Amino acid sequence: MKWLEEYNEELRQRQAKSAEANWAQSTNITDENAAKVVDVTMELTKWSLKKMEEGKKFDTSGFSDDVKRQFGMITKSGSSSDEEKTRKVAEIGTELEKIYSTSTACLPSGTCLKLDPDLEGILAKSRDYDRLTWAWLSWRDAVGPPMKDKYAEWVALMNEGAQENGYADKGVIWRGAYEMPNDTLEEMVDGVWEKVKPLYTQLHAYVRRKLSETYGEDKVLTTGHIPAHLFGNMWAQQWNNIYDIVVPFPDQPAIDVSDTMVEQGYDPLRMFKTAEAFFVSIGLRPMPQTFWDKSMITRPDDREVVCHGSAWDFYHLPGDTDVRIKMCTKVNQEDLQTIHHEMGHVEYYLTYEDQKTLYRGGANPGFHEAVGDTIALSVNTPGHLKKIGLLQNIEGNQGTEFQINELLKMALSKVAFLPFGLLIDKWRWRVFSGDITPDKFNTEWWNLRMKYQGIKPPVERTDEDFDPGAKYHIPSGTPYIRYFFSFVAQFQFQQALCEEAGHDGPLHTCDIYQSKKAGAKLKNMLSMGESKPWPEAMKAITGQDKLDPSAILKYFEPLEKWLREQNKNEELGWE
């Protein structure tokens, strides 16, 4: 017990040091900061491996489940004991992230554009087919080729570390975070996908028809796959930026409060304060002073940073809390939603901060993503935006047309995402297992995107290209199935919290703002951290112990009915 206590404390200190080094590099990309990240990663890995060997010497068979759980976590590793290899993994990882974060696409005039906000802005706003093709292609050509061989080397090293520890490959370790018996995670998510696929297929057919009307039959056929660069998003992962093209009832009042926020003088700080007020209203904690002092909430002018929004826990002890958010905030509704998402992570950190260090994590990686998104489901309702003074032109409950508009807009972000959330790790698991070899990285990537999303590249791609590298989570080595899990679980959470709040009416109109009862239920689950397997945390909040898509299907039921009607003469699917 003494050994465990000392382990948890030393782990906490080392995690804090690691967070500081990574924060320094993310908020100021320099070779010097990158070298520090490698050093601190090496130290942590070396220490963990040493402790793992010590931990294996204990006979824990007579101990409590809690102690066994901790030892189980300590004695699992995917790292190589070969210091040279470990350093190489860290160096390649840092290098891949640097390529991603500093690459640009240059115009013939010599002007070079960054991914965020330049290229992403073109994808979101331009409706010029050729300009979209240029932006889509330029980004992939900038990052893919320099990454490809490095990525293959990174995979090989990750696998060597896994195999040294008795695992078939690194994918087994990643899936292990879900504690599914007999490695059945893929089976579980496939089962969930089969149930939501009919809804996605209806959305796909409707959007395909609208894109064909906009760009012409010669560019977008009304059958088969849709070109990947027309969805308003660099990765076609969420389609909300093309709402103007697909809006069902254009005469209905729109709920984009971005302009109103600008008119009302919102700045990034006020957006963060607005999010904080939501969490406080349901009984969760306000952000500590250090949060305001140390977070990076706008893009600095004087240095390169990683703009990808993220929440950070610096593993301080209760009473000396240090949690932060890093974001290049723009004043618009989408970023207001992202802030609620990131602050959801921070509330999770704050609620489990008195757990042992080993348990300072989400019940599984998907839980952490789902918390803030659940809150954002409330924040996006017209009722809520009205309450906080951002919606003036909407009176009472609007009719069916208004509801369909709102649901479609939400589906473009939530339903459109599901196959993307599923296929990224399907690709990586097969890369790790050796089923997809480097000479087929790109072909197999597109096979999966065509199969699951029903989209295709706008221009011919070959295996000289490395299009997976154009998505942040690939070079950063961040597992992705958590987002698929989260996009289903957040609706389960929302349904349970809405019941607790006494909400009466359709699920998509529920706002749990100011409900202390809903907050208490959420807090109870958050406080568990990683101390129990996730089905127990799921049960604590929803009463169910599995991932269940019935809540997301219920949420979008009125829309699915409407889409079926619209699509009755369409050829569904894309096989």
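Cβ coordinates come from backbone N, Cα and C, glycine included.
Remember, predicted model here, so these are calculated numbers, not experimental data.
Listed in TrEMBL for this protein:
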type	residues	note
ACT_SITE	Glu342	active site, proton acceptor 1
ACT_SITE	His473	active site, proton donor 2
ACT_SITE	His473	active site, proton donor 1
BINDING	Tyr178, Arg482	chloride binding site
BINDING	His341, His345, Glu369	Zn(2+) 1 binding site
BINDING	His341, His345, Glu369	Zn(2+) 2 binding site
DISULFID	Cys106-Cys112	disulfide bond
DISULFID	Cys307-Cys328	disulfide bond
DISULFID	Cys498-Cys510	disulfide bond
CARBOHYD	Asn28	N-linked glycosylation site
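Of the listed disulfide-bonded residues Cys112, Cys307, Cys328, Cys498, the Cβ environment within 10 Å is emptiest of other Cβ atoms at Cys112. Listed in chain order, the extra residues whose Cβ falls within 8 Å of the Cβ center of the Zn(2+) 2 site residues His341, His345, Glu369 are Ala311, Glu342, Gly344, His368, Ala370, Val371, Gly372, Asp373, Ser486. Taking each Cβ in turn and tallying the other Cβ atoms within 10 Å, the top scorer among the disulfide-bonded residues Cys106, Cys510 is Cys510. The recorded positions near the residue listed as 'active site, proton acceptor 1', taking a 10 angstroms Cα-Cα threshold over the set Cys106, Tyr178, Arg482, amount to none. For Glu369 (Zn(2+) 1 binding site), the recorded positions whose C-alpha atoms fall inside a 10 Å radius of its own C-alpha are Arg482, out of Asn28, Cys106, Cys112, Cys307, Arg482, Cys498.
Among the recorded positions Asn28, Tyr178, Cys307, Cys328, His341, His345, not one has a Cα within 10 Å of the Cα of Cys112 (disulfide bond). Comparing Cα positions, Cys498 (disulfide bond) lies closest to His341 out of the recorded positions Asn28, Cys307, His341. Counting only the Cα atoms, the space from Cys307 (disulfide bond) to Asn28 (N-linked glycosylation site) is about 11 angstrom. Counting only the Cα atoms, the space from Tyr178 (chloride binding site) to the residue listed as 'N-linked glycosylation site' is about 33 angstrom.
Among the recorded positions His341, His345, His473, Arg482, the residue whose Cα lies closest in space to that of Asn28 (N-linked glycosylation site) is His473. Cβ neighbour count for Tyr178 (chloride binding site) (all protein chains, 10 Å cutoff from its Cβ): 23.
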